[in-house]
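Down below is the structure, laid out as C-alpha coordinates.
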(Lines of atoms letter the chains of each structure in order from A and count residues from 1; the text may use other names and numbers.)
(Lines give C-alpha, C1' and ligand atoms only; values in the text may rest on other atoms or scores of the structure.)
Protein backbone atom coordinates (compact mmCIF):
# COMPACT_ATOMS: atom_id res chain seq x y z
CA UNK A 1 0.00 0.00 0.00
CA UNK A 2 2.79 2.41 0.87
CA UNK A 3 4.64 1.50 -2.33
CA UNK A 4 1.67 2.38 -4.53
CA UNK A 5 1.24 5.75 -2.82
CA UNK A 6 4.94 6.47 -3.34
CA UNK A 7 4.72 5.67 -7.05
CA UNK A 8 1.81 8.03 -7.61
CA UNK A 9 3.67 10.83 -5.80
CA UNK A 10 6.77 10.30 -7.94
CA UNK A 11 4.71 10.40 -11.14
CA UNK A 12 3.18 13.76 -10.22
CA UNK A 13 6.48 15.36 -9.21
CA UNK A 14 7.63 16.34 -12.76
CA UNK A 15 4.24 17.96 -13.50
CA UNK A 16 4.45 19.97 -10.32
CA UNK A 17 7.96 21.06 -11.15
CA UNK A 18 6.81 22.27 -14.53
CA UNK A 19 4.05 24.36 -13.01
CA UNK A 20 6.44 25.75 -10.43
CA UNK A 21 8.94 26.83 -13.08
CA UNK A 22 6.39 28.33 -15.40
CA UNK A 23 6.59 31.72 -13.68
CA UNK A 24 10.19 32.06 -14.79
CA UNK A 25 9.20 32.18 -18.52
CA UNK A 26 8.86 35.76 -19.76
CA UNK A 27 6.46 36.16 -22.71
CA UNK A 28 6.89 39.40 -24.63
CA UNK A 29 3.73 41.47 -24.64
CA UNK A 30 4.21 42.71 -28.18
CA UNK A 31 3.57 39.22 -29.57
CA UNK A 32 0.16 39.10 -27.92
CA UNK A 33 -0.94 42.69 -28.49
CA UNK A 34 -0.23 43.70 -32.06
CA UNK A 35 -1.55 46.74 -33.87
CA UNK A 36 -3.71 46.08 -36.91
CA UNK A 37 -2.06 47.27 -40.11
CA UNK A 38 -3.61 50.40 -41.50
CA UNK A 39 -4.95 50.73 -45.03
CA UNK A 40 -2.00 52.87 -46.05
CA UNK A 41 0.47 50.15 -45.01
CA UNK A 42 -1.48 47.48 -46.87
CA UNK A 43 -1.68 49.60 -50.00
CA UNK A 44 1.99 50.46 -49.87
CA UNK A 45 2.84 46.76 -50.22
CA UNK A 46 1.21 46.73 -53.69
CA UNK A 47 3.74 47.90 -56.31
CA UNK A 48 2.92 51.29 -57.76
CA UNK A 49 3.47 51.76 -61.47
CA UNK A 50 5.50 54.81 -62.56
CA UNK A 51 3.51 54.83 -65.84
CA UNK A 52 0.07 55.29 -64.29
CA UNK A 53 -0.43 58.82 -65.61
CA UNK A 54 1.26 58.17 -68.97
CA UNK A 55 0.77 54.45 -69.72
CA UNK A 56 1.86 54.69 -73.38
CA UNK A 57 5.47 55.40 -72.38
CA UNK A 58 5.87 51.90 -70.94
CA UNK A 59 5.36 50.33 -74.38
CA UNK A 60 8.22 52.47 -75.72
CA UNK A 61 10.65 51.62 -72.90
CA UNK A 62 13.52 49.11 -73.06
CA UNK A 63 11.99 47.09 -70.23
CA UNK A 64 8.93 46.36 -72.33
CA UNK A 65 11.04 45.41 -75.36
CA UNK A 66 13.11 42.98 -73.29
CA UNK A 67 10.03 41.34 -71.80
CA UNK A 68 7.64 41.15 -74.75
CA UNK A 69 9.57 42.18 -77.83
CA UNK A 70 7.41 42.66 -80.92
CA UNK A 71 4.78 40.12 -79.84
CA UNK A 72 1.49 40.99 -78.11
CA UNK A 73 1.35 40.86 -74.35
CA UNK A 74 -0.96 37.82 -74.47
CA UNK A 75 1.12 35.79 -76.95
CA UNK A 76 2.95 33.60 -74.40
CA UNK A 77 0.08 33.34 -71.90
CA UNK A 78 -1.41 29.92 -71.14
CA UNK A 79 -4.49 29.34 -69.03
CA UNK A 80 -4.60 26.81 -66.21
CA UNK A 81 -7.65 24.56 -66.38
CA UNK A 82 -8.67 21.01 -65.65
CA UNK A 83 -8.97 18.63 -68.58
CA UNK A 84 -8.17 19.12 -72.23
CA UNK A 85 -11.03 21.51 -73.04
CA UNK A 86 -10.69 25.03 -71.57
CA UNK A 87 -13.78 26.70 -70.09
CA UNK A 88 -15.74 29.01 -72.33
CA UNK A 89 -15.31 31.98 -69.99
CA UNK A 90 -12.30 33.32 -68.15
CA UNK A 91 -12.28 34.24 -64.47
CA UNK A 92 -14.19 37.32 -63.37
CA UNK A 93 -11.18 39.17 -61.97
CA UNK A 94 -7.56 38.44 -61.05
CA UNK A 95 -7.17 40.91 -58.15
CA UNK A 96 -9.34 40.50 -55.07
CA UNK A 97 -8.77 42.68 -51.99
CA UNK A 98 -5.39 43.84 -53.31
CA UNK A 99 -4.25 40.23 -53.68
CA UNK A 100 -3.30 38.78 -57.06
CA UNK A 101 -4.51 35.25 -57.76
CA UNK A 102 -2.31 32.51 -59.15
CA UNK A 103 -1.54 32.71 -62.88
CA UNK A 104 -3.15 36.14 -63.48
CA UNK A 105 -4.23 37.28 -66.93
CA UNK A 106 -1.79 39.07 -69.31
CA UNK A 107 -2.84 42.53 -68.11
CA UNK A 108 -3.14 41.84 -64.37
CA UNK A 109 0.22 40.07 -64.16
CA UNK A 110 2.11 43.21 -65.23
CA UNK A 111 1.29 46.13 -62.95
CA UNK A 112 2.85 48.56 -65.42
CA UNK A 113 0.21 47.87 -68.07
CA UNK A 114 -2.77 50.21 -67.84
CA UNK A 115 -5.89 50.06 -69.99
CA UNK A 116 -6.47 53.59 -71.22
CA UNK A 117 -8.02 54.96 -74.41
CA UNK A 118 -4.81 56.95 -75.02
CA UNK A 119 -2.67 53.80 -74.88
CA UNK A 120 -3.22 53.03 -78.56
CA UNK A 121 -0.39 50.51 -79.00
CA UNK A 122 -1.81 48.32 -76.25
CA UNK A 123 -5.35 48.51 -77.61
CA UNK A 124 -4.23 47.56 -81.12
CA UNK A 125 -2.96 44.23 -79.77
CA UNK A 126 -6.52 43.21 -78.87
CA UNK A 127 -8.12 44.21 -82.20
CA UNK A 128 -7.91 42.19 -85.41
CA UNK A 129 -5.97 44.17 -88.02
CA UNK A 130 -7.98 42.72 -90.93
CA UNK A 131 -11.57 42.86 -89.70
CA UNK A 132 -11.41 45.37 -86.82
CA UNK A 133 -13.17 42.93 -84.47
CA UNK A 134 -12.12 42.83 -80.81
CA UNK A 135 -10.64 39.47 -79.82
CA UNK A 136 -12.87 37.65 -77.36
CA UNK A 137 -11.60 36.94 -73.84
CA UNK A 138 -10.92 33.15 -74.12
CA UNK A 139 -8.65 33.83 -77.12
CA UNK A 140 -6.43 36.39 -75.37
CA UNK A 141 -6.87 34.97 -71.85
CA UNK A 142 -7.74 38.27 -70.13
CA UNK A 143 -10.24 38.20 -67.28
CA UNK A 144 -13.79 39.43 -67.69
CA UNK A 145 -13.11 42.68 -65.82
CA UNK A 146 -10.13 43.63 -68.00
CA UNK A 147 -11.94 42.58 -71.17
CA UNK A 148 -14.79 44.94 -70.30
CA UNK A 149 -12.29 47.75 -69.74
CA UNK A 150 -10.61 46.98 -73.06
CA UNK A 151 -13.91 47.10 -74.93
CA UNK A 152 -14.83 50.46 -73.40
CA UNK A 153 -11.36 51.91 -74.03
CA UNK A 154 -11.33 50.76 -77.68
CA UNK A 155 -14.75 52.27 -78.31
CA UNK A 156 -13.70 55.55 -76.65
CA UNK A 157 -10.46 55.65 -78.68
CA UNK A 158 -12.46 55.20 -81.89
CA UNK A 159 -14.82 58.00 -80.88
CA UNK A 160 -11.85 60.32 -80.24
CA UNK A 161 -10.18 59.35 -83.52
CA UNK A 162 -7.10 57.82 -81.87
CA UNK A 163 -7.76 54.28 -83.09
CA UNK A 164 -8.18 53.99 -86.85
CA UNK A 165 -10.71 51.52 -88.17
CA UNK A 166 -11.94 50.93 -91.71
CA UNK A 167 -15.56 50.64 -92.79
CA UNK A 168 -15.59 48.66 -96.06
CA UNK A 169 -17.85 49.78 -98.89
CA UNK A 170 -19.61 46.74 -100.31
CA UNK A 171 -21.21 47.05 -103.73
CA UNK A 172 -24.34 44.96 -104.40
CA UNK A 173 -23.47 42.02 -106.61
CA UNK A 174 -27.02 41.31 -107.81
CA UNK A 175 -29.53 43.57 -109.48
CA UNK A 176 -31.71 45.88 -107.50
CA UNK A 177 -35.19 44.37 -107.64
CA UNK A 178 -36.87 47.26 -105.84
CA UNK A 179 -38.04 48.82 -109.13
CA UNK A 180 -37.32 46.18 -111.77
CA UNK A 181 -40.04 43.63 -110.98
CA UNK A 182 -43.62 44.36 -111.95
CA UNK A 183 -45.03 43.29 -108.62
CA UNK A 184 -43.01 45.93 -106.75
CA UNK A 185 -43.10 48.68 -109.37
CA UNK A 186 -44.84 51.98 -108.89
CA UNK A 187 -48.63 51.95 -108.86
CA UNK A 188 -50.00 52.88 -112.32
CA UNK A 189 -52.13 56.00 -112.57
CA UNK A 190 -55.90 55.85 -112.33
CA UNK A 191 -57.92 55.05 -115.48
CA UNK A 192 -59.44 58.51 -115.42
CA UNK A 193 -56.00 60.05 -115.91
CA UNK A 194 -55.19 57.99 -119.00
CA UNK A 195 -57.93 58.22 -121.62
CA UNK A 196 -58.98 54.88 -123.07
CA UNK A 197 -56.45 52.75 -121.17
CA UNK A 198 -57.72 50.15 -118.69
CA UNK A 199 -56.32 49.74 -115.21
CA UNK A 200 -54.62 46.46 -116.13
CA UNK A 201 -53.46 45.52 -119.63
CA UNK A 202 -55.43 42.25 -119.71
CA UNK A 203 -58.66 44.21 -119.40
CA UNK A 204 -58.12 45.66 -122.86
CA UNK A 205 -60.32 44.47 -125.74
CA UNK A 206 -58.83 41.76 -127.94
CA UNK A 207 -60.40 40.78 -131.23
CA UNK A 208 -61.17 37.03 -131.28
CA UNK A 209 -59.84 35.02 -134.23
CA UNK A 210 -62.04 34.82 -137.33
CA UNK A 211 -61.95 31.01 -137.42
CA UNK A 212 -63.43 30.83 -133.93
CA UNK A 213 -66.13 33.33 -134.87
CA UNK A 214 -67.18 31.32 -137.94
CA UNK A 215 -67.40 28.15 -135.87
CA UNK A 216 -69.65 29.84 -133.33
CA UNK A 217 -71.85 31.25 -136.10
CA UNK A 218 -72.42 27.77 -137.56
CA UNK A 219 -73.05 26.30 -134.11
CA UNK A 220 -75.58 28.92 -133.01
CA UNK A 221 -76.96 29.83 -136.43
CA UNK A 222 -80.64 29.73 -135.48
CA UNK A 223 -80.22 31.49 -132.16
CA UNK A 224 -78.08 34.50 -133.04
CA UNK A 225 -80.08 37.66 -133.51
CA UNK A 226 -77.27 40.16 -133.98
CA UNK A 227 -73.53 40.18 -133.70
CA UNK A 228 -72.05 42.29 -130.93
CA UNK A 229 -68.97 44.28 -131.73
CA UNK A 230 -66.26 45.55 -129.44
CA UNK A 231 -67.29 47.43 -126.29
CA UNK A 232 -67.63 51.18 -126.54
CA UNK A 233 -64.59 53.27 -125.85
CA UNK A 234 -66.26 54.96 -122.92
CA UNK A 235 -69.61 54.77 -121.18
CA UNK A 236 -72.15 57.40 -122.22
CA UNK A 237 -72.07 60.31 -119.89
CA UNK A 238 -75.28 61.39 -118.21
CA UNK A 239 -76.10 65.10 -118.51
CA UNK A 240 -75.57 67.00 -115.27
CA UNK A 241 -78.72 67.55 -113.26
CA UNK A 242 -79.73 71.04 -112.22
CA UNK A 243 -80.38 71.85 -108.53
CA UNK A 244 -84.10 72.37 -109.32
CA UNK A 245 -84.46 68.85 -110.73
CA UNK A 246 -82.62 67.40 -107.75
CA UNK A 247 -84.96 69.19 -105.30
CA UNK A 248 -88.07 68.07 -107.24
CA UNK A 249 -86.99 64.44 -107.16
CA UNK A 250 -86.34 64.77 -103.45
CA UNK A 251 -89.89 66.07 -102.84
CA UNK A 252 -91.64 63.46 -105.00
CA UNK A 253 -89.77 60.63 -103.36
CA UNK A 254 -91.73 60.57 -100.02
CA UNK A 255 -95.12 61.10 -101.78
CA UNK A 256 -94.59 58.15 -104.09
CA UNK A 257 -93.68 56.05 -101.10
CA UNK A 258 -97.04 56.90 -99.56
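From the backbone N, Cα and C atoms, a Cβ is placed for every residue, glycine too.
From the options 169-213, 214-258, the stretch Swiss-Prot describes as region 'Disordered' is 214-258.
Within the set 38, 44, Swiss-Prot records phosphoserine at 38. The local packing around residue 49 (phosphoserine), expressed as other Cβ atoms within 10 Å of its Cβ over all shown chains, amounts to 14. Residue 49 (phosphoserine) carries neither a helix nor a strand DSSP state and counts as coil.
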